[in-house]
Structure formats: C-alpha cells, structure tokens
Amino acid sequence: MATLILGSQWGDEGKGKLTDILCPKAQICARAAGGHNAGHSIVANGVEYDFHLLPSGLVNPNCMNLIGSSVVFHVPSFFSELSKLEEKGLTDVHNRILVSDRCHVNFDLHAAVDGLEEVELGDRKIGTTGRGIGPSYSTKMARSGVRIHEIFNEEIFERKLRQLAAGYKKRFGDLLKYDVEEEIARFKEYRVKLARYTVDAIQYMKEAQDRGYKILIEGANALMLDIDYGTYPYVTSSNTGLGGIITGLAINPTKIDNIIGVVKAYTTRVGGGPFKTEDLEEAGTKLQEIGREWGVSTGRKRRCGWLDLVVLKYSTAINNYTALNLTKLDILDTFETIKVAVAYKDPQTGEEVEYFPADLDILDSLEVVYKELPGWNKPITDCKTYYDLPKEARAYIEFIEEFVGVPICYIGTGPKREDMIVRKTSAIKE
C-alpha cells in the first residue's frame, strides 16, 4: 500500500512534518521528481534536519529511502546532504538510501545556465532557485541529458557532457563561466562513490509493492508549480502532482491508498508569478513575521496572503485528495478576522468565476471574492484534540472541509513534531 503526501499550493506547506510523523510506519520512503531546489525542515528528538534532495524518511532508522527516476540528481548535493545528516547524529544513512539509475544528472553546468537564462528573461524572469533544475529538465526533454547509469561508462559520460557544454558555450559565449574539464574530473571520484547507491528503481518498487510493503511518497514543490497545471510559465520544470508520482516511481495506481494534500492555513509563494490573495499590507507582513516565512533552500522571503479556496479546489480536482493536512493554523492565533478566497469575479460583468483559469491575463483581470470569518484570539499550540480548539478555529476548519469536499485529518498547531492534531482517522487507510 502507498500513501502520498502532496503540496496543494505553491510549496512550503509543511509536507516534511507529516512525512516525519507517518514514516515510522513506512518501510520505504520515496521521492519521485524535482531536485535539490525543494527544501523543508524536520524537527526530530529536538534536532532540526534540513532536506533538499534526500527523502526525509532518513530520520527513521528502520526506513529505506528511494530517489525516483524523474528526479534531476545533483551529485555533490547528495553527498553533502548525507554528510550533514551524519554530523547531526543520524546513523547508517548511507545504507538506507538508493537512487534510480534512470535519474538525469543535474550538473553545475545547468546551474550556470540557469542564471544566464534568468538574466535573458529580464522583467519576465521566473524567480528560480538558481539550482539548474529547469535546464536539467530541458536537456532531458531534448534527449541530450546524461542519466545516472551513463556515469559508469566513462567514455559516453565525458562525450555527452562535453557536447552539452559546447552547445551552451555556443549559445552564451564568454558569459558562461564554466570549466567542463573540472566537472569531468570531479566525476571520476563520484563514479566510484555512487555505485553502491544506484538501483533499478522499477524492479525495486515492483518487488516492494508485490510484497505489500508500506510505502510513503513525499511530493516535492506543489501542484500550483506543476509544469502542466501550475501558473505557467511561473512554475517548476517537473510534474509535481499525482501524475508525476506515478510516472516518477512507476508505482501501481491501484495500490495507492491515501492521497493527502498538505495545505497551509494561509498562502505563501516564493518568486514571481500570480498570487491572487497576496496581501502587501499589514496582514501579509504579519503572516510573514509570525510564520517565519523564508525559504529553506534559498533564504528568500516568501510572499504571504490569505487562504485561496479556489486554488485548493482546483488542486483537489487534479490530485484527488482523500484527506487534507491543514498546517500552521497557529499562525492565525492573533488575527481578529480571517479572510478566505471563495471565488474570483469579473469586474466588468460582476459574474463570479469558481475555477482557476489557464490564461494568466484573464486571471490577472479577475477580482477576489472573500469570505470573512472570526478569529479566535488565543494560542492553540497546547491543544491536543480537535475539541480543545476554540470554536472559531473549528469553524474555520469545517468551512474549508465543506467548501473543498475533503476531510481535514491532520491539523498543525505549532512547529514541533508533536504539534499535530489527528482526527477523522477513518478517512485514512492504515
């Protein structure tokens, strides 16, 4: 059986915390797509761990971890992240991580190109993390990329990397500050070190499913950053939703038991792109400060605003959530009134639009229709059960459930691992 944890907004919803809570029951924890642009922190046994490329199931000493075939794999970050986890006391991490031999390699070359492409775009820049994720997927789709298994054939590896570098050099000239021979030299060491981690992930996952293993899959980024369904072109370069999980891990869709959408009690976004409920006044600043809204991967401050239920309903239609995890509800503790977007409106006709349009110009022209709900004006972090919560907080939760049509089974009430209320467990298949 498999449980999926997927971001329902623009990322940074708090997926890692739920992964940490659920992974003690999992035998395998896997990532399907994305790269080391993703980032989240987990606090376990009083220690904070940062994850970017690695699955956060590594905090569970009894869990195997897999990086799936649709991930773009930055080799230096892989080893660096493993070392940092060891330094913080996690043991045996090298024996509990595997990497699909079908992953495409994310080179330092790709990061250099990423920065130049952002400069080319000027005012239309995407606001990428600068980690080379987009260029890595571009070379993958152009069929000029290098896969993990090709690292072990030195002749093929060096020829393909030199060809890739030559193509970019032709495009960018002296603006490209990159030495292909230096990167080739580094991979002579990586070639030896990587062998123990590389696996045929298709066979590995098939055997795990056939044996009935409990598999926990953590999505990277979120649905609104999906290359097909997000606010294109202000998106990442992979499929971040349900479809990307099935493709990236070759998982049997009939063996997926739970699809848990993680949704922050308000909304944040990093980088450029549409954000209809963004608040540039006092409320947005307050959310940013209380919520400590700056990125694990980049340190950039996140844009903040109210919860957008149009976005959540759209996300639900694509990912088919069976349950929701509402996170960071405690950040709203001191708000007298809480606004929630329930529709968009055409200012010319007054007609309400309840869907999320593909055309960003149309989206930009629409006004937001808000519903105002009363705040609870008291701390909730010490609440351990649903009915410990103030009635206003429960009303907020139930309004979201009714609007979206999906039960909220997990409620985050603080930063610690134990600050999570579990309810409606009948909606979750064990």
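Just so you know, glycine gets a Cβ as well, placed from its N, Cα and C.
Under the heading GTP binding site, Swiss-Prot lists 11-17, 39-41, ARG302, 328-330, 412-414, citing sequence analysis as support. The feature IMP binding site is assigned by Swiss-Prot to ASP12, GLU13, GLY14, LYS15, ASN37, ALA38, GLY39, HIS40, THR129, ARG143, ASN221, THR236, ARG300, with sequence analysis given as support. The Mg(2+) binding site annotation in Swiss-Prot covers ASP12, GLY39. Marked as active site, proton acceptor by Swiss-Prot on the basis of sequence analysis: ASP12. According to Swiss-Prot, the feature active site, proton donor maps to HIS40. For VAL296, SER297, THR298, GLY299, ARG300, LYS301, ARG302, the entry in Swiss-Prot reads substrate binding site, with the evidence type sequence analysis.
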Euclidean distance between Cα atoms of ASP12 (IMP binding site) and SER41 (GTP binding site), Å: 10
Helix, strand or coil at THR129 (IMP binding site) [DSSP, three-state]: coil
Between GLY14 (GTP binding site) and ASN37 (IMP binding site), the C-alpha gap once rounded to whole angstrom: 15
Cβ neighbour count (within 10 Å, all chains shown) around THR413 (GTP binding site): 24
Greatest C-beta neighbour count within 10 angstroms, which of the binding-site residues ASN37, SER41, THR129: ASN37
Under 8 Å by Cβ from ARG300 (IMP binding site), same chain, sequence gap 6 or more: VAL270, GLY271, TRP294
GLY11, GLY14, GLY39, GLY299 as binding-site residues, winner by CB count within 10 A: GLY11
Between THR129 (IMP binding site) and HIS40 (active site, proton donor): CA-CA distance (Å): 14
LEU329 (GTP binding site) - helix vs strand vs coil (DSSP): helix
